[in-house]
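One structure is given below, encoded as structure tokens.
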Amino acid sequence: MSQAHGRGRFITLEGGEGTGKSTQAARLVAALAQRGVDAIATREPGGSPRAEEIRAVILSGSAERLAPVAEALLFAAARADHVEKTIRPALERGTWVVCDRFADSTRAYQGALGGLDDDTLGALERIAVGDARPDLTLVLDLPAAVGLARASRRRGTGEVDRFEQESLAFHERLRQAFLHIAHRDPQRCAVVDASLDPDAVTASLMCVVDARLVAPHKARERAS
Ligand code: TYD
């Protein structure tokens, strides 16, 4: 992603179930607005009209018998449309984008847990993401049991999507997968403790966003 003056910044939120990503995405957009930064919240799978249709297919369970590579292709198809229709146009007009899940979710779910190899994942990213890579990825970290308890409270007695039916051990492996991704790419990623109350989590996230993106952005604005 070009860091040229005028281009928006791309922030992704990643983590397991119940880590509060969607709540925090909305809060980050509001906090950025307070700093005079125009930003939108979006999500994956989905984030554009056609990608939302693919989301419905993926989460309905009709994709359940797909091999991991076929499932990853569906996520990648949704991502390609989301990037072209929502993310890239926003960044090009100077709007910042805060996305609830992105390519690291494919790396964690279909890669670390589904067994897809790095070459395949890399190829999918080159096609679906291209140069629209995140400037900053915030990994919301939470013990798996806490996240699952939160997710089931949020659902009440409602439906459990097929990804949430997996076992606690699965979710703990997922947590480790996201931590591993962050560890491998510390320039782009930061891990934030998501077990705190929502205000404290937002404050931690904004500390990272301010230090890594907002302050350099303002400095560039002043210099131009
Ligand atoms: P969602 O309801 O967005 O999950 P959450 O509330 O945890 O954010 O459902 C998305 C599910 O799809 C989630 O379980 C993670 C999974 N997923 C993948 O397996 N691969 C991907 O590339 C993405 C974006 C999501």
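Positions of Cβ are set from backbone N, Cα and C atoms, glycine also.
TrEMBL annotations:
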type	residues	note
BINDING	G15, G16, E17, G18, T19, G20, K21, S22	ATP binding site
DOMAIN	13-202	domain 'Thymidylate kinase-like'
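Those residues of the chain, other than G15, G16, E17, G18, T19, G20, K21, S22, with a C-beta within 8 angstroms of the mean position of the ATP site C-beta atoms are L140, L142, G147, R150, A151, A194.
Residues E17, taken from the binding-site residues G16, E17, T19, G20, are distinguished by a CB atom under 6 angstroms from ligand 1. Of the binding-site residues T19, S22, T19 has the largest number of other Cβ atoms within 10 Å of its own Cβ. Residue density at G20 (ATP binding site): 22 other Cβ atoms are found within 10 A of its Cβ, drawing on all protein chains shown. All protein chains considered, the CB of G15 (ATP binding site) has 28 other CB atoms within 10 Å.
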